[in-house]
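According to TrEMBL, the features are:
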type	residues	note
DOMAIN	136-259	domain 'Palmitoyltransferase DHHC'
TRANSMEM	20-45	transmembrane segment
TRANSMEM	57-83	transmembrane segment
TRANSMEM	180-199	transmembrane segment
TRANSMEM	219-242	transmembrane segment
């Protein structure tokens, strides 16, 4: 009886608890933003706008850049939260047409065998190479496009899944990866700005605390905001560097291990084209969590179902 209970247990049910943690993370993000705003704008630099001279000019610059980064940060964050990373259409199959998505070979029907026939690949006697089969998800009972993975938290397959992020209560995949990267970038820049802007007041913190020149509440908010922003800036720097490397090599976090198996990564099309696979071809929209309609129509990789591959690598 004990063995039967263990076999019937679903360990992935525990993953649903991450959703509850995610909602707490959203409140934490809002709290950090509120504390930082209070420390930088209300306490530190807002009052200096009316001092005059270079101090006011510097204060105005800090206030403008702070609000600009904050607006872009919040915009990108909500896009990651609310944009669907991409789900596999019901009864999906590769397209019947042999088509080149870009220079090089593309993923088409000829590259796959249906799940029900995966036991027998095309024989070499017919002069055809053995091709990889279509992925199949036993939980979703549906075929899986290339680079697609099942998320145990969201309980579905996600297109070009990078990872499930508890900070946004959502998966990061083909259709919101750009938004996630911009959220990382703008959060990093915002925390660096906050830490630098609060550094003079942090240095004065200990003197003010001894001499009681400032209220305890202002001292506490300034100290907390500086420490939080410095800590986040240092930790986010690692993530920014890591994801920059992944974007330039056209690799997801999940694919890092798979990439190590081969000498050449089949999705690596060159740094510029790899970058465009995520950010699109319109330079004016590179730093906004948006895509042009033209890119959405002409770049199937942004939809997460078809991906061009290198012509010198077997797919």
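Just so you know, glycine gets a Cβ as well, placed from its N, Cα and C.
Predicted automatically and left uncurated, TrEMBL annotations should be read as such.
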Same-chain residues near the transmembrane segment (219-242), Cβ under 8 Å, at least 6 residues beyond its ends: 32, 35-36, 38-40, 43-44, 184-185, 187-188, 191-192, 194-195, 198-199, 201-202, 205, 208-209
DSSP helix/strand/coil residue counts for the domain 'Palmitoyltransferase DHHC' (136-259): 73 helix, 17 strand, 34 coil
